[in-house]
Amino acid sequence: MPAAISRNWPAPAKLNLFLHINGRRADGYHALQTLFQFIDCCDMLDFKVTETPELILHSNMSGVVADSDNLILRAAKSLQQTTGFNGGAEIWLDKRLPMGGGLGGGSSDAATTLVALNKLWHTQLSTEELAKIGLKLGADIPVFIHGFAAFAEGVGERLQAVNPSEPWYLVIAPDAHVSTADVFQDPLLPRETPKLAIDTLMSQPWANDCQKLVVSKYPQVAKALGWLLEYAPSRMTGTGACVFGEFTQQQQALAALAKLPSEMQGFVAQGMNLSPLITRLSHP
């Protein structure tokens, strides 16, 4: 009897509510302090367990499947190798999040793959063990595996659960691809923001140390942020290109979205301190 498809595994986007760069480490990575919060806008994945070890990926987004270095496939392969599981999976990705915009979609897809297949393959790794696999694939992946809003330090892997307010956001995705590597290699990037205690950081105005540099180099980001600042406190997430404005009411965010210039793409989403992936785990 063929295996059933396990459907509707969410891979939520994240926002960096602040992002501070505290210096460059000896290994070349940057020391960061950042605050992650999920939003209720997600990619969706379906999985079918197979008896043979092949890993097959389908997607509604052209170009995703052709990439053999795809994080979804690398995550599944890493779980196979770590556990010795000799079966495989067929995976369907419904890509809804903008790619390469600082929303963490690729990392979230990989995290959902690890969490879902760990359950469906009955490999029984702990959350910490899954996070260790994820960290080898990308610094953002552990926060999606743990599934709670978090203050992060190091390269982003040391996590402390936090409970910020859950406002509504208007997220704009400018028509620009910002290379994270280029941003972190740029000599003009500020790298000397002092490390502060979490209580201090949570109580002061929030900022993104990458924003000034990216805005200066990408006019599309500058234009989107300038427009959004007329309606709400706004800043960039990650290394961009996406920017977000914060609203207390959904209706306020929707009213601003209705005025969005036709050349810009945007959506309204609510902040979530608990990932919908954790909720999905409790279902068959």
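Start at 1 and count along the chain as shown; that gives each residue its number.
Each residue, glycine too, has its Cβ placed from N, Cα and C.
Features reported for this protein in Swiss-Prot:
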type     : residues                                                                             : note
ACT_SITE : LYS14                                                                                : active site
ACT_SITE : ASP140                                                                               : active site
BINDING  : PRO98, MET99, GLY100, GLY101, GLY102, LEU103, GLY104, GLY105, GLY106, SER107, SER108 : ATP binding site
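Sequence-distant neighbours of GLY104 (ATP binding site) (same chain, 6+ residues apart, CB-CB distance under 8 A): ALA13, LYS14, ASP140, PHE144, GLY238. Its Cβ placed at the centre, GLY100 (ATP binding site) has 18 other Cβ atoms within 10 Å.
Using the Cβ center of PRO98, MET99, GLY100, GLY101, GLY102, LEU103, GLY104, GLY105, GLY106, SER107, SER108 for ATP, the list of other same-chain residues with Cβ within 8 Å runs, in sequence order, ALA13, LEU97.
Cβ contacts within 10 Å of PRO98 (ATP binding site), excluding its own Cβ and spanning all protein chains shown: 21. Sequence-distant contacts of SER108 (ATP binding site), defined by Cβ-Cβ distance under 8 angstroms and a gap of at least six in the same chain, are ALA11, PRO12, ALA13, LYS14, CYS42, ASP43, LEU97, PHE144. The Cβ neighbour count for ASP140 (active site), using a 10 Å radius over every protein chain in view, is 24.
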